[in-house]
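If you check TrEMBL, you get these features:
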- Arg197, Gly198, Gly199, Arg200, Thr315, Ser529, Arg590: CoA binding site (BINDING)
- Gly391, Glu392, Pro393, Asp415, Thr416, Trp417, Trp418, Gln419, Thr420, Asp506, Arg521, Arg532: ATP binding site (BINDING)
- Val543, His545, Val548: Mg(2+) binding site (BINDING)
- 29-86: domain 'Acetyl-coenzyme A synthetase N-terminal' (DOMAIN)
- 88-475: domain 'AMP-dependent synthetase/ligase' (DOMAIN)
- 537-615: domain 'AMP-binding enzyme C-terminal' (DOMAIN)
- Lys615: N6-acetyllysine (MOD_RES)
Amino acid sequence: MTTDTLTEKRTYAPSAETVSHAHVDAAKYDQMYAASVADPDGFWGEHGKRIDWIKPYTQVKDVCYDFGNVNINWYADGTLNVSANCIDRHLATRGDQTAIIWEPDDPNEPALHITYKQLHSSVCKMANVLSSLGVRKGDRVVIYMPMIPEAAYAMLACARIGAIHSIVFAGFSPDALSARINGSDAKVLITADEAPRGGRKTALKSNADAALLHCKDTVKCLVVKRTGGQTTWVDGRDFDYNEMALEASDTCAPAEMSAEDPLFILYTSGSTGQPKGVVHTTGGYLVYAAMTHEITFDYHDGDVYWCTADVGWVTGHSYIVYGPLANGATTLMFEGVPTWPDASRFWQVCEKHKVNQFYTAPTAIRALMGQGPEFVEKCDLSDLKVLGTVGEPINPEAWTWYNDVVGKGNCPIVDTWWQTETGGHLMTPLPGAHAMKPGAAMKPFFGIEPVVLDPQSGVEITGNGVEGVLCIKDSWPGQMRTVWGDHERFEKTYFSDYKGYYFTGDGCRRDADGDYWITGRVDDVINVSGHRMGTAEVESALVAHAAVAEAAVVGYPHDIKGQGIYCYVTLMNDREPSDDLLKELRTWVRTEIGPIASPDVIQWAPGLPKTRSGKIMRRILRKIAENDFGALGDTSTLADPSVVEDLIENRAVK
Ligand code: WT7
């Protein structure tokens, strides 16, 4: 991937047309931003009213960032229901408007247009089914589903009865699934028979069966029919959703929830250990998701909005389901992949449903760019108004292609920087308010105060034309509140390295104009096709194999994926490297974590570079993987320098 963002000098001002319909123009942004940081209570007190409260809040922000005592509350004494906000409150005004357009994997299968009224009845049915399985307020429900409307129903049904959902991306393995079911002590797992994607099918129910072997036998499994493919059935444990829904009532009173009651848990990878359960709560999260959705994408009533993410990631939570539906939007859910049946699928879907805002990931843009412009050009994309990108830094080449070929130079690109932890966008240019620079996240959203710190001293670097680690000075309503079951880990991960700030894990540059560029992770987290992964997780999967003595995993630049997974593996004394073993290890990691963690490169390493105290020098391994041998840096602290020579000499061919 070419990351020539340092030499990137182009600036694209918003067009007069974009400015004319934008919710927020430059002057309004400046005024609102100033107000938001000068008086967070006043600002968020006002904007909290964009959603409906059962009992209005009298308090707004109540936050402590002191290490050892971190405590984040927004709107704490207010009560509300997220599902009522996303559905019921729209019924009077837009009951017959489409809430969800569902586009199936197979373009020959009909799309669905689900109105707000229909959404209400389906969500109530699902809520009643969950209640009948014994799910109560505060209980956890794991969702392991294809991208079908029932996935959204399941989320909203949990929200309706006050259950906490935890979605596990359907690309994760049974092992990863069972770890998450057990990690949150879930009562029910909702899955489907099979997940069609790109013309192939993943056997979700049989993965669920395998996972449940490692869970308490009280966990119930609710199975939605998608393909009708055959599944094995455990009586008393498995429940047929479609049958139960026929009997279930289509009304269900929404539960009154406190603003700080958890809405969902979502596991994400960190630099150490196993993934942690990020906890988002009810009130602040919804306010933030809804407001960013409307303003970042300049969403207007009647627009058709499409985010291509999966609901298994936070992007799907905030920007397919909660943000858009809270705004009464029409949101498109797509079951398929960008390249099947061919590389024009995205653009065909845009044309078919007259999409106005389109939000995707740089990895998809790069993959499609490689197929040539014909696939885009044969489709009518004249309804597009705003394009968005998320998940990883976008290289200027891909940005330019997105802008020129997809947007025809008429659509502002919002390069939204945020994280699972942040609940919604923290930095992005706003259409109609800001100029764009290819590859830059540009400006903070309202209430967000980014600071650039010196990585060693932790001292804030002021002024422009500076680079360092990115922290956020104060809280915002969409911020995560804790790590599920481990508040200490929450504090340690985000509030201990740089006291008094939220540490993002990203590096960042503030250019001469004061605009922000994300330079990538500064920790051992890698970003593979926009999927976040801890190198430690892949290492622990590798060493769990009987042939492996030791493993070190780093990211390396990959043309399409952004980063690929490069593994250095030291075998047990009695094992010899072979192509068969290499294949076996690859399959092993896929089984342990899931296909998204499949190693791109495995290099046999007779030894790993270590300091005299035994610490693996990952900096060196990163450089070797990057093919950058000139810059190995200080190797004088190595216990055995010959290890490095061997690794360079036998570098695995990519
Ligand atoms: C990490 C968070 C946010 C939803 C999807 C990913 C990287 C995300 C951008 C962007 C540069 C980005 C960061 C961040 N990232 N968006 N626009 N430009 N980098 O969420 O899995 O929690 O990953 O993704 O490194 O820390 P996530």
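From the backbone N, Cα and C atoms, a Cβ is placed for every residue, glycine too.
Locations of recorded TrEMBL features on the structure.
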{"residue": "Gly199", "record": "CoA binding site", "CB count, 10 Å": "11"}
{"residue": "Thr315", "record": "CoA binding site", "CB count, 10 Å": "24"}
{"residue": "Gly391", "record": "ATP binding site", "CB count, 10 Å": "22"}
{"residue": "Trp418", "record": "ATP binding site", "CB count, 10 Å": "25"}
{"residue": "Thr420", "record": "ATP binding site", "CB count, 10 Å": "20"}
{"residue": "Arg521", "record": "ATP binding site", "CB count, 10 Å": "18"}
{"residue": "Ser529", "record": "CoA binding site", "CB count, 10 Å": "20"}
{"residue": "Val543", "record": "Mg(2+) binding site", "CB count, 10 Å": "14"}
{"residue": "His545", "record": "Mg(2+) binding site", "CB count, 10 Å": "18"}
{"residue": "Lys615", "record": "N6-acetyllysine", "CB count, 10 Å": "11"}
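Among the residues the record lists as binding CoA, namely Arg197, Gly198, Gly199, Arg200, Thr315, Ser529, Arg590, the two farthest apart have Cα atoms separated by 24 Å. Arg197 (CoA binding site) sits 27 Å from Trp418 (ATP binding site), taking the C-alpha atoms as the reference points. The secondary structure of Pro393 (ATP binding site), as reduced to three states from DSSP, is coil rather than helix or strand.
Around Gly198 (CoA binding site), a 10 Å sphere centred on its CB holds 15 further CB atoms from the protein chains shown.
Regional average pLDDT for the domain 'AMP-binding enzyme C-terminal' (537-615) in the model is 94.
Distance noted between the C-alpha atoms of Thr416 (ATP binding site) and Val543 (Mg(2+) binding site) is 36 Å. Listed binding-site residues: Arg197, Gly198, Ser529, His545, Val548. Those with a CB atom under 6 Å from ligand 1: none.
Taking the Cβ of Arg590 (CoA binding site) as reference, residues of its chain lying under 8 Å away and at least six apart in sequence are, in sequence order, Ser173, Ala597, Ser598. The binding-site residues close to Ser529 (CoA binding site), defined as a CA atom within 10 A of its CA, are Gly391 out of Gly391, Pro393, Arg521. The DSSP secondary structure for His545 (Mg(2+) binding site) is coil. Taking Cα separation as the measure, Gly391 (ATP binding site) is nearest to Gly198 of the binding-site residues Gly198, Arg200, Val543, Val548. Every protein chain shown contributes to the tally, and the Cβ of Thr416 (ATP binding site) ends up with 23 other Cβ atoms within 10 Å. Of all the binding-site residues listed here (Trp418, Thr420, Arg521, Val543, Val548), Thr420 has the Cα closest to the Cα of Arg200 (CoA binding site).
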